[in-house]
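Please read the structure below before turning to the comments.
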Amino acid sequence: MAQSTEILTKAELTWKESAKDVIADLRELASLTSDKDGAHRVAWTPVWDKAQEWFKAKMKAEGAEIIVDSANSVWAKIEGETDEAVVIGSHLDCVPNGGWLDGALGVVSGMGALKRYGKNGKKPKKTLYIVSWADEEGARFGRSCIGSSAVSGALDIDEAAKLKDNDGVSFLEAIGRYNLDIKDFPKAREEFLARNIKSYLEIHIEQAPVLESQGKSVACVYGITGCERQYITFTGQPAHSGSPIYMRRDAFLAAAQASLAFREIAKKYEAYCTVGKVKVEPDIVTIFPGKCTISLDQRCIDGDTLKKMYQEAIDACHTAAKDNNVEVEFESVWSIPPTIFDEHLAELCKDAVKEETGERTSMYSGPLHDAAEIAKFVPSIMMFAMSTNGLSHCKEEDTPDKDLELAIAAFLRMTEKVVNE
């Protein structure tokens, strides 16, 4: 074992050196956009702008052409020997008080892939693009994958125009500060299709504890769960907290009953149900709520099962409303079917993982990613790096350097295969 560690080929050293360079850039980005409370790159805010400008400057320094599309996603381009193109993408935005790796790992690893051609003066066989998608998280306005869904054609601009953040600022007002018009967002698809893109690649942290529990650093991702996301509002009658329990029309109790039912649905199908947002009105200690709105996020890798879960959740809400003598209304926020990635790219991905780790590890993703949108019309694949304690979307998010190096090196190996095949 010691001998194999010492006798490294020049190519192997290059993969490791490139991976270390990516980690250094990730730490630089974190120092610019994070503090003791975590990362603050929420989309459509000044800190996100700083991250996007940092990306542009880094790529310009490598000789890349910078392009900003009609949905405000930022692209870096290195010409290849042919106009057939490969895209490496992810996002630089994050949730409030988020982690240093979520999304950033994918964009900065893409930067590392491009640097192998930029400074070296080498020309890839295929043209290479790195894209930082606009607003993957949906943290501010509740609609995820804005940039990539504009490209896929899935973005409903009429619905997007109605979105508001917690402070009442509309999505239209927010993008207006960038001199953007929502009516122009569909043009991003036309711009994408004009680039002759043949493959889409993305690396991301796992955001779950599976790889760590298996003692693995990296895996090929063969698919992404579908998602049904909605707001559910229960409406009763607010009154004094001294009112008898059995005579109340308590909207919160109905929401709580439904939420417990969602948990049983998730367990039944070995899938995912999450209530992440709760709003009660009038939100006063001595008044039981007359109105309660909750978010429900449901995910599953099987499309038919996801449909069953969705209907069972609706039924559970109607039951809870009846039991508590309240009304219930539903507002769909987002719907995307499960994604199964391209088989050929999956084989190349597993080959690259094996070259770094000795194993062809693969898994599916519970979290959603931009790749789910792009895979609708372009052959796509993802790779995961393990997450310490499975934590993400928080300041504690982390991956040890040794695991990051393995994952990034595997991703760069895969990129080289796809770009030059």
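Each residue, glycine too, has its Cβ placed from N, Cα and C.
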Per TrEMBL, His91, His204 bind Zn(2+) 1; matching candidate in Asp83, Asp102: Asp102
Rounded distance in angstrom between the Cα atoms of Asp102 (Zn(2+) 1 binding site) and His393 (Zn(2+) 2 binding site): 7
Residue among the binding-site residues Asp102, Glu137 whose Cβ has the most other Cβ atoms within 10 Å: Asp102
Distance from His393 (Zn(2+) 2 binding site) back to His204 (Zn(2+) 1 binding site), taken between C-alpha atoms, in Å: 13
Spatial separation of His393 (Zn(2+) 2 binding site) from His91 (Zn(2+) 1 binding site) - C-alpha basis, Å: 14
Local Cβ density at His91 (Zn(2+) 1 binding site) - other Cβ atoms counted within 10 Å: 31
Other CB atoms within 10 A, centred on His393 (Zn(2+) 2 binding site): 18
Cβ packing number for His204 (Zn(2+) 1 binding site), 10 Å threshold: 29
